[in-house]
Amino acid sequence: MITNFLLDHSALVPVAILLVALVCAVLGRLFADRRRILWALAGMSLVPVIALTLVPTGRAIDEVLCTVQFSLPTLGAVELLANVALFLPPVCFAALASLRPLTMLAAGSALSAVVETLQALVPAIGRACDTNDWLMNTIGAVLGALLAAGTTRLVNRRAQSGSSTGAISS
């Protein structure tokens, strides 16, 4: 249903990505001091990654292959932009929880590479390996890491300004 809506209204896909980023930033700010919640959010946001990339489709692919192509998405490229949105939340939440955005960026890109490799090597799941998917997932991971770094910086800046203008002690 969501896919059909986005296909019919492809101009809304960038808006959807912005909404995903906004929700991640707001939750990241709200739970900045609660690492367990951030890790739980990271774990929950991996569910769509697994469901949309590794759950069998019911059709098997006859050959083991991977389409090699690299192209940047246009605003109307629903599938490519959806791949960007797929990895943004897990990387953002994991980076906020670990305070290691570069490590989580690398982990997100590596996870995407593993997913694409499994899609190529296990034709029974009926998913097609495509280097463009890895590239778009990695762009989503970059955005998630940048968003986490920015959110962390904002939270730290507010904490510092709050402590420097705090109550006067006697």
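These residue numbers are counts, starting from 1, taken along the chain as shown.
Every residue gets a Cβ built from N, Cα and C, even glycine.
TrEMBL does not curate its annotations; it predicts them automatically.
What TrEMBL records for 12-30 (among others) is transmembrane segment.
Tertiary proximity for the transmembrane segment (37-55) is limited to same-chain residues at least six positions away from its ends with a CB under 8 Å from its CB atoms, namely 27-28, 31, 86-87, 89-90, 93-94, 96-97, 111, 115, 118-119, 125, 127. Positions annotated as transmembrane segment by TrEMBL: 37-55 (among others).
DSSP labels the residues of the domain 'VanZ-like' (48-148) in these numbers: 69 helix, 4 strand, 28 coil. Sequence annotations record features per position, and here TrEMBL assigns domain 'VanZ-like' to 48-148.
The feature transmembrane segment is assigned by TrEMBL to 75-97 (among others).
The annotation transmembrane segment is assigned in TrEMBL to 104-122 (among others).
Sequence-distant contacts of the transmembrane segment (134-155) (same chain, six or more residues past either end, CB-CB distance under 8 Å): 21, 24-25, 28-29, 32, 70, 73, 80-81, 83-93, 95-96, 99, 101-102, 104-105, 108-109, 111-113, 115-116. Sequence annotations record features per position, and here TrEMBL assigns transmembrane segment to 134-155 (among others).
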